[in-house]
Structures are given as structure tokens and as C-alpha cells.
Amino acid sequence: MKKKYILAIDQGTTSSRAILFDQKGHIAGMAQREFTQIFPQPGWVEHNPRDIMTSVYTTITELLNNTQIDVRAIAGIGITNQRETTVIWDRQTGQPIYNAIVWQSRQTKDICDQLTTAGYQDLVHAKTGLLIDAYFSGTKVKWILDHVENAHTQATRGELAFGTIDTWIIWNLTGGQVHVTDYSNASRTLLYDIHALRWDPDLLTMLDIPAAILPDVRSSSDIYGLTQTPYFHGEQIPIAGIAGDQQAALFGQACFEPGMAKNTYGTGCFMLMHTGKKAVESKNGLLTTIAWGLNGEIEYALEGSIFVAGSVVQWLRDGLRMFGKASDSQAYADRVSDNGGVYVVPAFVGLGAPYWRSDVRGAVFGLTRSTTKEHFIRAALESMAYQTRDVLSAMQADAGMELKELRTDGAAITNDFMAQFQSDILAVPVLRSEIAETTALGAAYLAGLATGFWSSREEITQHWAINLCFKPQMDKQQREHLYAGWKQAVAATLGFRVA
């Protein structure tokens, strides 16, 4: 049967999606399922790994039922995932020994503080391109092994397996036959040397993590194994692409040349700039990461990770109950001509790049008796744009490249107010992709290249199209005045301590 589709599994922080793409990179069908968020203590965020797999299986079933396609028409499967989120499971039973610790979770902050005090920061940065922070997988692995009875002993014996979410999904889809990750996900663990391309023994010793639990690291576009699950009606479909969500979005946005950049506005906000085959060391609080491994070559990126972006809109909706639907935020923001002097610094779980302060918490500044709900909502939306400028300033300084345009995707940037304000604050055009699901599309492209569904990156580039281009309209004086207010608000937030 003619292969007509690539299936992308996009496993995110709050939901899982299954998306079918056709030869032109257009969506032929999609299903989505949310799953439960677990908050055992303030600052802790966990998921039940079984809930994640249930959501994946449910979306696959729903997608196939709704589209009524023949499973044999699927050429391959690409997987993209929330990065850093950590699962450890029993190899024999396939059962997790603890909940998945989510990338947002700060429960390993004490471990990070101990490592920093012990002077490991330079070693970690030199080998991984990362910083010592609770964000990354390594300290989460240590926490689980230290807190689950007999876990360390089992790990040493090789009875346990560690994986980021891509690894966990592939293990389950292949019936426990394949324990693998790709370069992009490995580079986010705090355990992988991004220059030597190996799990690093010094880093494993630093965190007392047995090497026996680690997955194999492979190219981001490769045939890793075949599905062994009834959800595909007994068909064995090649799993052929893996990339962490942000690297997948960079690929889906066709940012294949050095200096090209994208920003994804999801739960967090993540800006990546392609730096080619050179790992650019950041001196300005950014991360150096592997973009992907492809055709025997490694390509790198600079990344600025913002912990709270779209989730600030969820907070306005669910926590403060300021509106009923996230999409309502645009109408409220448009009702006022400015932010009324209000700045929201959404450091709910600390501040990411370029500050890297996990100890600070959110703050609001500039409130007066005349402040309205509209001002507050507008200020919260603006915080995403200000944080992006913080990252871009650091990125341009590190890479020595000036950004010509910013390619964007994610739910928050579908808000026209947000997209225009982002362009105004950056003073560069903001391009919104025609296909919003660029993260899933990137995973699909990687799988399609491995299976021959697409022939080359040049073919992929021809598929990329703009939905809208937002050009700067704000004058420089106003732009710098607004940004100066943001910097003041951040400085005050950094100086505040909870008693």
C-alpha cells in the first residue's frame, strides 16, 4: 500500500497529541487528550507515567477512528516530547518506581545548591552546555534513586531503566524491546557530554548514578524499532524520529542555517538559535544544546528557556478567574492602550534564562487605584515578550549574530496582540507559521527523512509558509521606556526574599 502519512506523537506538559501529516506537511487529522497534573508540595510538579501512556494510546485510537485511514498507509512515527521530565521504571515489569518528575519541578533545588557549593558548575557547563539547575534530568534521577527504597541497589544491578519521555514512550510502543533516546534529549539530562557525544563518567559519579540505567543515544532521524502494540491493529510501524519539543520546533520551522531562530510559546517559552556545527559557549546565561543529530553530523543551538509563558494565561483564567477562555485575553488586552504602568513578573517557579534564579517568586508592580483587570491581563501577556527580549539580547551577544526575523509557534502567539507587541519590543519582524503544530511537524519531518517519505531538508524548506508577518510599529523611545520598566521590575523581584 502507498505510504501517505507520517504520524507524530507530541507528548507535552499538560496533554498528548497524535497528529497525521501528509506529503505536503499538512495536517490530515489530530487528536488530543489532557492528563492530570500532580503537585505534592509547593514547587513540585509530577506526572503519573501510566497516565501519560494512557493519553498517548487514547489519542492514537481516537485519531485512527476519526480519520478511518488504513494503518498500513502510515510510513513511520516521529516522537517529540516535553524535555527533561524524568521516568525510572523496572525493566522486568515495566512499572515506574515513582512518578515522573516534570521539568518545571523544583524539588531537587537542594541537590543543585549542594553541587554548586561543591564547585561543580564549571565542570557541568563545560561538558553539557547547561547550568546546574533543578530544570534538568540529572538531579531528578538522583532524587528518585535516593528516595525510593532499594532503588539505587536495583539501578546498580541493571534492573531499572531511566528515560526522558521519548524513551518511556518508545519502550512501551515496542513492548519493552527498545531503550533509546536521541542526541537532543540526551543533551538535556546534565549527564551527557555534548562535545564527546557520550554519557560522561565524571557527571555520573558527581550524581552517583549507575550507567546501567541509561538508554542508547542515537541520531534524531533513524529507525529505532517497530511498534508492538494492538493500538496499530497489529501492524509493525517504524518509529523513526525523535527530538525534544524545542529542537523539534526548530526543525519544523525549517531553521536549518546558522543565525536562524524560533520561539515557541507554550507552557514555557523557548527560544532557539541555530549555530551550525559549532557549539557556541554562552557567557550570558544561555544554554548550549544539541539541536539534532542527522546524517552522521551533530548540529548545535543556543537556547533561552523561560519557565512561565503561556501558563501565565492559565493562571489568569484558572487561578484569578479573570476570564473564561484563554483566547479571551486578547480582547481584554486590546481594551486599554497601554499597561497602565503595571508589570507582572511571572516567576512562579523561579526565573530561567538569562537569570537562573530558582529562589525567586512572582511579583506585580505598579498597581494604583486606577489599575483595571484589563491592565493586569495586558501586563501579564507583555511579560512573555519582555522575557523573550531578555533572551534575545543574550543570544545575539553570545552568537555575534543579529536576528533578522523571529519564527514563532505555540498557542500564545496565536494571540494577535501578543504577536504584535513581541515584534514591537524586539524591533524585528515576527513570523507566525501557517502550521501551528510545528513541534509535531518537526518530529514528523525527522521520521519522514529516515523512512524516505521526504527526500531532503531542501524539500522540507519548500513546505514552510507564513500565516502572518507582524512588523515593528512602536517607536524606539517608547520601546526602550517600556523595557526599562520591565528591567526595574525584574531587579526588584530578584531582591525580594520570602520570609
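Just so you know, glycine gets a Cβ as well, placed from its N, Cα and C.
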Given that Swiss-Prot annotates R83, E84, D245, Q246 as binding glycerol, state which candidate in Y135, Y183, Y192, Y300 belongs to that site as well.
Y135
Mind telling me which of the binding-site residues R17, R83 has the densest Cβ neighbourhood, counting other Cβ atoms within 10 Å?
R83
Please report the number of other Cβ atoms within 10 Å of the Cβ of D245 (sn-glycerol 3-phosphate binding site).
28
Sort T13 (sn-glycerol 3-phosphate binding site) into helix, strand or coil using the DSSP assignment.
coil
Which binding-site residues sit within 10 Å of T267 (ATP binding site) - Cα, from R17, E84, Y135, Q246, N415:
none
Most distant Cα pair in Å, residues T13, T14, S15, T267, G310, Q314, A411 binding ATP:
14
